[in-house]
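Engineer: A single structure is presented below for examination.
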Amino acid sequence: MNSLLIITACLVLFVWAKEGYLVNKSTGCKYGCFWLGKNENCDMECKAKNQGGSYGYCYSFACWCEGLPDSTPTYPLPNKSCSKK
């Protein structure tokens with residue numbers, strides 16, 4: 001019975017986990033990367049305490065994160081376009 005409860009809880013957390021491109025809150029731009037696929041830098045950024053993700057990799061030259069909490073913003077930010085100055 002306990003194992004069924006644990007499995008159900010894990011599935012619910014997995015289904016409700018957020019994913020998306022990491023975004024720089026000050027510029028509104030995605031975190032860039034060059035090595036597509038498995039990428040240590042993206043994985044490290046996604047797993048950082050202020051992001052809270054479970055896994056990150058490089059997709060379309062930007063860091064894509066999985067398992068993010070709802071509080072972590074992802075690209076695009078509302079009312080903020082990417083401004084590279």
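Even glycines carry a Cβ here, placed using N, Cα and C.
Remember, it's a predicted structure, so these values are computed and weren't measured experimentally.
In case it helps, Swiss-Prot gives these features for our protein:
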type: SIGNAL; residues: 1-17; note: signal peptide
type: DOMAIN; residues: 18-83; note: domain 'LCN-type CS-alpha/beta'
type: DISULFID; residues: Cys29-Cys82; note: disulfide bond
type: DISULFID; residues: Cys33-Cys58; note: disulfide bond
type: DISULFID; residues: Cys42-Cys63; note: disulfide bond
type: DISULFID; residues: Cys46-Cys65; note: disulfide bond
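Thinking about packing and proximity, how do these listed features fit into the structure?
Structural biologist: In this structure, Cys29 (disulfide bond) belongs to neither helix nor strand by DSSP; it is coil.
Every protein chain considered, the tally of other Cβ atoms within 10 Å of the Cβ of Cys58 (disulfide bond) stands at 21.
Secondary structure at Cys63 (disulfide bond), taken from DSSP and collapsed to helix, strand or coil, is strand. The local packing around Cys63 (disulfide bond), expressed as other Cβ atoms within 10 Å of its Cβ over all shown chains, amounts to 26.
A 10 Å cutoff on Cβ-Cβ distances gives Cys46 (disulfide bond) a total of 25 other Cβ atoms nearby, all chains included.
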Engineer: Could you tell me which of these disulfide-bonded residues, Cys33, Cys65, Cys82, has the fewest other Cβ atoms within 10 Å of its Cβ?
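Structural biologist: Lowest Cβ count within 10 Å among the disulfide-bonded residues (Cys33, Cys65, Cys82) is Cys82.
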Engineer: Tell me, in order along the sequence, which disulfide-bonded residues from Cys42, Cys46, Cys63, Cys65, Cys82 have their CA within 10 Å of Cys33 (disulfide bond).
Structural biologist: Cys42, Cys63
Engineer: Measuring CB to CB from Cys42 (disulfide bond), give everything in the same chain under 8 Å that is also at least six residues away in sequence.
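Structural biologist: In sequence order, the residues whose Cβ lies under 8 Å from that of Cys42 (disulfide bond) (at least 6 apart) are Leu22, Tyr31, Cys33, Gly56, Tyr57, Cys58, Cys63, Trp64, Cys65.
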